[in-house]
Amino acid sequence: MQTLAVDHPLVAHKLTTLRDVRTDSPTFRRLADELVTLLAYEATRDVRVVEATVKTPLVEAQGVQLASPKPLVVPILRAGLGMLDGMTRLLPTAEVGFLGMIRDEGTLQAETYATRLPDDLSGRQCYVLDPMLATGGTLAAAIRLLFERGADGVTAICLLAAPEGLKYLEQAFADISAPVRVVTAAIDSHLNEQGFIMPGLGDAGDRLYGAV
Ligand SMILES: O=P(O)(O)OC[C@H]1O[C@H](OP(=O)(O)OP(=O)(O)O)[C@H](O)[C@@H]1O
Ligand SMILES: O=c1cc[nH]c(=O)[nH]1
Ligand SMILES: [Mg+2]
């Protein structure tokens, strides 16, 4: 597994405001959206393209276009939905699938309550959106599901990742030959006893959708 913590002053600046407990939901949503676009720029570095020829007003020019089949973007509801617009701004022709997952805050086990994905993902590059990679249980279940349907490679885009979750994913997909990548704005210190990322930003879903 490959992990990339994007090192960029604008990413760090926006993340700092996102962490701030005084940041209200509308500002949190806007910042999450902006951050995702910055992360998506790095996360899509490996997106497959094919050579293409276009005519400029003057002459033919060689370039590239996105290869087929088009990439699949999968936000994990609820909090991942706050990352969808920022991602599709960069990849407007991608197909979008949905996964609804919730972590039991007692056992920290993830449960899937909604799945709306193409049945056959053969040859598809998938980009999973979830702001928080904590224990890694949610992302591991999501990535496993995509591989079961034939995905060619999975890149997870997270706002924050915990070392425990990264280690968990590393072990879970050690035997998979297809690429598994995590792109994040920062790797935080650790998880607390409740499974929350420290210093973190709190409950991403609640902060995005106004429950706090
Ligand atoms: O790495 P894990 O330990 O599995 O935890 C991370 C998950 O927890 C949060 O979602 P939550 O279950 O709170 O659902 P929500 O998006 O509806 O708020 C977060 O958005 C991740 O999906
Ligand atoms: O810190 C955390 C961990 C899981 N889910 C969140 O929203 N925040
Ligand atoms: Mg939540």
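The first residue you see is number 1, and the count goes up from there.
Just so you know, glycine gets a Cβ as well, placed from its N, Cα and C.
In TrEMBL this protein carries:
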BINDING   ARG78, ARG103, ASP130, PRO131, MET132, LEU133, ALA134, THR135, GLY136, GLY137, THR138, ASP203  5-phospho-alpha-D-ribose 1-diphosphate binding site
BINDING   ILE197, GLY202, ASP203, ALA204  uracil binding site
DOMAIN    6-210  domain 'Phosphoribosyltransferase'
Cβ packing number for ALA134 (5-phospho-alpha-D-ribose 1-diphosphate binding site), 10 Å threshold: 26
What binding-site residues in ASP130, ILE197, GLY202 place CB under 6 Å from ligand 1? ASP130
Averaged over the whole of the domain 'Phosphoribosyltransferase' (6-210), what is the pLDDT? 97
For ASP203 (uracil binding site), the number of other Cβ atoms found within 10 Å of its own Cβ: 15
Where ARG78 (5-phospho-alpha-D-ribose 1-diphosphate binding site) and GLY202 (uracil binding site) are concerned, what is their Cα separation in Å, rounded? 15
Given GLY136 (5-phospho-alpha-D-ribose 1-diphosphate binding site) and ALA204 (uracil binding site), what distance in Å do their CA atoms have, once rounded to a whole number? 15
Counting every protein chain shown, other Cβ atoms within 10 Å of the Cβ of ALA204 (uracil binding site) number 25
Using Cα positions only, nearest of the binding-site residues to GLY202 (uracil binding site) (ASP130, ALA134, THR138): ALA134
Which binding-site residues (ASP130, MET132, ALA134, THR138) fall within 10 Å of ASP203 (uracil binding site) by Cα distance? MET132
Per-residue Cβ crowding (10 Å cut-off), top of binding-site residues GLY136, GLY202: GLY136
Enter the number of other CB atoms within 10 angstroms of the CB of ILE197 (uracil binding site). 28
Run through the Cβ atoms and count how many others sit within 10 Å of the one on THR138 (5-phospho-alpha-D-ribose 1-diphosphate binding site). 26
Are any of the binding-site residues ARG78, ASP130, GLY136, THR138 near ligand 2, with a Cβ under 6 Å from it, and if so which? none
